[in-house]
Amino acid sequence: QAAPFFSSSSTHKQHQAHTPEKFADHGSEPINRAEKEEEEQEKQEEVYETEEELKKRILTAALEFIPEHGWSVEAIAAGAETLGLSTASAGIFTNGAGELVLHFVSQCNAQLVQLLEEQQRQVQLGQAGPKEKAEFLRDALQTRLRMLAPYMDSWPQALSTLLLPHNVPSSLKCLSTLVDDLWYYAGDRSTDMRWYSRRLALTAVYSTTELVMVQDSSPDFQDTWMFLDSRIQDMMNGACMAERVRSTGESAVQGIMGAAITVSRPADWLPV
């Protein structure tokens, strides 16, 4: 457990004498001593925020400044300033931009899980009908990818940051968690080799669709959703699954590398 980063109240407690209970005239109820003592104790209890919690607050605030500063330490410093902290607070982020991108990815994944849990609850209560796996996966992936839309102009920079060697392990962990959650809420309970093949296939579908989205200039990313629907159908049909997973995985890596290159030449990065 992380150590406290700062305290918002003094740890010293004042010893106060208890006053006797007082009764109001005309048979009124006595003042509730237990309730008063509980309130006093709550005031005296130390309230603190861990460093990890503080970092999450700063990173969340920094997202507002991505359009202006990109995925950078400058955005983190601006976010800290909105919380009333010194811009020097950005110094607690040893991985800078990498932590900002990974925080956003994790936040999006968590938001998606909340939505999927709510959908599952509605189905269990009979308030909504269950979806076929293909429809469920398509809709869930589209929901997740739409979370990138507000930051699409700078998303190639984010992808290149995720591809840096020291960020790759955390990036892959986020991606595998996303894919595992998607299959779980889709109802997959397989324990054989299909468990692996399905996750590899969906990882490839997400990665390639993300790259298509980065280059998509169609209204409301219509071309991206058509591509996604086609890839989901291919995956569910199982046509040449092993070869498709291999080739799509290679394309994903090459595409991310291409996205990284375009960051250094933003003026040339235009949809064809």
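Glycine is treated like the rest: Cβ placed from N, Cα and C.
Curation does not apply to TrEMBL; its annotations are automatic.
If you check TrEMBL, you get these features:
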COMPBIAS  1-11  compositional bias 'Polar residues'
COMPBIAS  18-36  compositional bias 'Basic and acidic residues'
COMPBIAS  37-49  compositional bias 'Acidic residues'
DOMAIN    51-81  domain 'Ubiquinone biosynthesis protein COQ9 HTH'
DOMAIN    168-237  domain 'COQ9 C-terminal'
REGION    1-49  region 'Disordered'
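If you look at the domain 'Ubiquinone biosynthesis protein COQ9 HTH' (51-81), the same-chain residues 6 or more away from its ends with a CB under 8 A from one of its CBs are 2-3, 5-6, 87-90, 92-93, 96-97, 99-101, 103-104, 107, 151, 153-154, 157-158, 161. Per-residue confidence over the domain 'COQ9 C-terminal' (168-237) averages 95 (mean pLDDT, predicted model).
Counting residue by residue with DSSP, the domain 'COQ9 C-terminal' (168-237) contains 59 helix, 0 strand, 11 coil. DSSP places the residues of the domain 'Ubiquinone biosynthesis protein COQ9 HTH' (51-81) in helix, strand and coil in these numbers: 28 helix, 0 strand, 3 coil.
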